[in-house]
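In what follows, a single structure is set out as structure tokens and then discussed.
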Amino acid sequence: MPQLGLTTPDNDALPWQTTLLLALQHVLVVAATPITSVFLIAKALHFTDTVTASVLSATFLMCGLGAILQSLGVKGVGARLPFIMVPGGAPIAIFVAIALQTNIQTAIGAVILTSLFYFIALPIFRRCLHHFPPFIIGIMLLMVSINLIRLYGGLIIGQPGSADFAHPTSIILSLGTILITLIFALAFSGILRQLAVMFGLLAGTLLGMALGSTDFSGVSHGPLFSFPQLLPFGWPIFDLSASLPLLIYAVISMAEATGQTIATAEIVNSTQNVQQAIPRTIRGDAVMSLLGGIFGTSLIITSGENIGVVRTTNVKSRFVTAAAGGLLILIAIFAPLVRLATCLPGSVVCGTAVIVFSIIGVIGIDMIAREPLHTPGKTYALAMGLAMGMLPILVPGLYQNFPAGVQMVFGNGMAAGTLTAILVNSLFNWSEKRTQARVKS
């Protein structure tokens, strides 16, 4: 049995008490994503409380089943790596846009069509994996990190013009959570250091209660159990043209899944063939998104938060994330836990997210730094990738007057930066090969 506090390989099972604590930490870190995603959709599409509760329960259920599937793997589906699945941020925005332009049934149909598209496009995408060396993955992770830090930083201060915009209490809670997490990481070692993120989040929540920023009185009101409804919006409508933005995103999502699989496999020192794990990851995304669509959710995909949590805690066992999946399923069906999860102070959760996503950026920088950046090819690939990736992040609305397809690709900093870096890197590699061939001849 492994000793507490030691780095554990991805295939090692920890003692059940340790596994449960670390799984709870994973759940606390990622719980904000499904809650925020569902509430954003519900607000935009004017869901009733009953429908919102059903979709939230379904989302937690899909995230839990997805975590188990990706962590343990079943017959060619699932990465067999420490992965958690959540509703993707970009797919949520596309889902809402489709629903507003058409109706919710068409948006659900788009989710199902996109899930099937993953399977159709995967054989073609597998042939392009050589365009994703660690250098490119590093650029992708850096773009993901910067984009998500901006997103969660924006959630901390709120909407400009609102009454509580940049309220000192929100900022104090976020910075306090970050500071407390750092103190735990500095003061402790072993298993307690691995739990620093969870302790920081819990301490931040207690601070939020003391400052009057959260209220748990509503947790005891309502039903004891909740079960998601099958096809809560009726039979889906399949409209290929309306689904096009989400289908385009699917290609971007496969690139993200590639980066996350490679980075996570490297962090946990996995001995499996990563090139074979990537298609399994994408198939897992496809299966869970298909099930999610049937229960009324948006795309359920592998989360970039995994990389940050795994590196921060140094917990590499995939059985921890499988246990986290079990806890997410418990939350899905036990209604008071759903209500409890919604009571976590947003500023505290966002402060925790900033830590996790910043560490993803550190991982990206580490992967970039392994290459000799003094060579023209790598210099220009990195510079152009950063330029095209940072522009839409730092200048929101840069492409708002362009067609929807252009906005989808170039308005997404991760997609624009990664695709640009791949193109520039490939062009310089091709040029160098031509030069070498000319010299030999």
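Yeah, the Cβs are placed from backbone N, Cα and C, and that goes for glycine too.
According to TrEMBL, the feature transmembrane segment maps to 20-45 (among others).
For 51-69 (among others), the entry in TrEMBL reads transmembrane segment. Long-range neighbours of the transmembrane segment (51-69) within the same chain, counting only residues 6 or more positions beyond its ends whose Cβ lies under 8 Å from a Cβ of the stretch, are 30, 34-35, 37-39, 41-42, 77-78, 83-87, 226-229, 232, 284, 287-288, 291-292, 295-297, 300, 302, 321-322, 324-333, 335, 338, 342.
Summarising the annotation, TrEMBL assigns transmembrane segment to 81-100 (among others).
Long-range Cβ contacts of the transmembrane segment (106-125) within its own chain (Cβ-Cβ under 8 Å, at least 6 residues beyond either end) map to 95-96, 98-99, 233, 236-240, 242-243, 246-247, 249-251, 254, 279, 282-283, 285-287, 289-290, 292-294, 296-299. Here TrEMBL flags 106-125 (among others) as transmembrane segment.
Under the heading transmembrane segment, TrEMBL lists 132-153 (among others).
Residues 156-159, 195-197, 199-201, 203-204, 207-208, 211, 213, 345-348, 350-352, 354-355 of the same chain sit 6 or more residues outside the transmembrane segment (165-188) yet have a Cβ under 8 Å from a Cβ within it. Look at TrEMBL and you will find 165-188 (among others) tagged as transmembrane segment.
With a cut-off of 8 Å between Cβ atoms, the residues of this chain six or more beyond the transmembrane segment (195-213) that come close are 21-22, 24-25, 28-29, 169-170, 172-173, 176-178, 180-182, 184-185, 188, 309, 312-313, 344-345, 347-349, 351-352, 355-356. Taken from TrEMBL, the feature transmembrane segment covers 195-213 (among others).
According to TrEMBL, the transmembrane segment annotation covers 233-252 (among others).
The annotation transmembrane segment is assigned in TrEMBL to 319-338 (among others). Residues 12-14, 19-20, 22-24, 26-27, 30-31, 53, 56-61, 63-72, 82-84, 219-220, 222-228, 306 of the same chain sit 6 or more residues outside the transmembrane segment (319-338) yet have a Cβ under 8 Å from a Cβ within it.
The transmembrane segment annotation in TrEMBL covers 344-368 (among others).
For the transmembrane segment (380-399), the residues of the chain that approach it from at least six positions outside its boundaries are 135-136, 139, 142-143, 146-147, 150, 368, 373, 406-407, 410-414, 416-421, 424-425, 428, judged by C-beta separation under 8 angstroms. Sequence annotations record features per position, and here TrEMBL assigns transmembrane segment to 380-399 (among others).
Listed by sequence, the residues of this chain that lie at least six past the ends of the transmembrane segment (405-428) yet keep a Cβ under 8 A from its Cβ atoms are 90, 94, 131-133, 135-136, 139-140, 142-144, 146-147, 244-245, 248-249, 252, 255-256, 259, 376-378, 380-382, 384-393, 398-399. Per TrEMBL, transmembrane segment is recorded for 405-428 (among others).
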